[in-house]
Amino acid sequence: MRLVFAGTPEFARIALDALLAAGHDVPLVLTQPDRPAGRGLKLTPSPVKQAALAAGIEVAQPRSLRLDGRYPDEAAAARAQLERVAPDVMVVAAYGLILPQWTLDLPRLGCLNIHASLLPRWRGAAPIQRAIEAGDAETGVTIMQMDAGLDTGDMLLERAVPIGAQQTAAQLHDELARVGGQAIVDALAALAQGGLAPRRQPDAGVTYAAKLYKAEAALDCSLPAAVLARRVRAFNPVPGATIRLPGLDDPVKVWRAQALEQAAGGTSGAVLRADAQGIDIATGQGVLRLLELQKAGGKRQPVDVFVRGWQP
C-alpha cells in the first residue's frame, strides 16, 4: 500500500520501521522541524527524520499544515508534496501538529492514527503517563480513523496491554510502541482486503490525558503514598518526579520509589528513616520509600549510595 507517514518521536519511529519492514511504499514522511537538543543545544533531527533519511525517503518538516495559519507557504508546499505522491492512506503517530480537514480528506482511505490507549479512555497528549498515574491495570493501542476531533474517530483495531505493578512510563512506552507498530501493519493488511469495520467510540468511559507539565513533577507529600509512587513511575523519565530533602538546596529527582502500607507517624514530608534500605517519607496516607535518586547536576544513584553523602 502507498502511504505517507507523519510522526516525530521514538514511538513513531518504531511504527515507521514496522511499516517499511512489511513492504509498504512510503514515498514521503512528515515530521516536526529539527529542535535544539543536548548540552550544546545543537539542532537535532527527530527519530522519524533520521529513520526516513536512512531509508532514502523524502522528508517534509512544515511548522504548520494550516493554509490560513502562521506559515501558509510551508503548509501549501506540504500539500503539494502530498498531492504529488497521491497516498492511499496517511499513518499518523505522535506527529505533534494538528491535521486540518484538507489533510484528512486527501488520502484515498483517509488518515489512520496509532493512539497509545484503549479509546475512549485517555484521549489526548499523555495517555501512557496518565494511565500509570491513575493506577489502571491495563492500557493498549488503538488504530483509529482520524476525524476533526481530539482522538474521537472510529476505532478500527485495539490491542490490550497489561500495566506491570512497577512498570515506568519509559518501559510501557517501549512496549506500546512495539505493539503499535504491529497493530498498524495488521490494520493496513485487513484494510486492503476490506476486512476492517470501523466502530464508533462509546460515549461512556471517556477520559482525557492532559499534557504533562513540569510543575507536576514536585511530589505533594500530603497525598497518599500509593498515589505518589504511581507518579514516580508515570513521570519517569519526563518530567521526572522530584522531592525536597532537608540539607539540600535543590529538589532531588526520584527515579524509583515504593509505597509502604504503614502508618506515617509524622508530618507529611518528614523523613522518618534514611539508610541503605531506603529513605522513608511520611505522606498523607502511608509511607513513601525512596529507592533511587539524583541530586541536581549529579548522577542517578541507588539509595544506599545516595545516603552515604547525605543525612537529614
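The count begins at 1 with the first shown residue.
Even glycines carry a Cβ here, placed using N, Cα and C.
In Swiss-Prot this protein carries:
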BINDING   Ser117, Leu118, Leu119, Pro120  (6S)-5,6,7,8-tetrahydrofolate binding site
Other same-chain residues whose Cβ falls within 8 Å of the Cβ centroid of Ser117, Leu118, Leu119, Pro120, the recorded (6S)-5,6,7,8-tetrahydrofolate site, in sequence order: His115, Arg121, Trp122, Arg123, Pro127, Gly140, Thr142, Asp151, Met155, Glu158, Gln201, Gly205
Assigned conformation of Ser117 ((6S)-5,6,7,8-tetrahydrofolate binding site) - DSSP reduced to three states: coil
Count of other CB atoms lying within 10 Å of the CB belonging to Leu119 ((6S)-5,6,7,8-tetrahydrofolate binding site): 25
Proximal but sequence-remote residues of the same chain as Ser117 ((6S)-5,6,7,8-tetrahydrofolate binding site) (Cβ under 8 Å, at least 6 apart): Arg123, Pro127, Ile128, Ala131, Thr139, Gly140, Val141, Thr142, Ala209
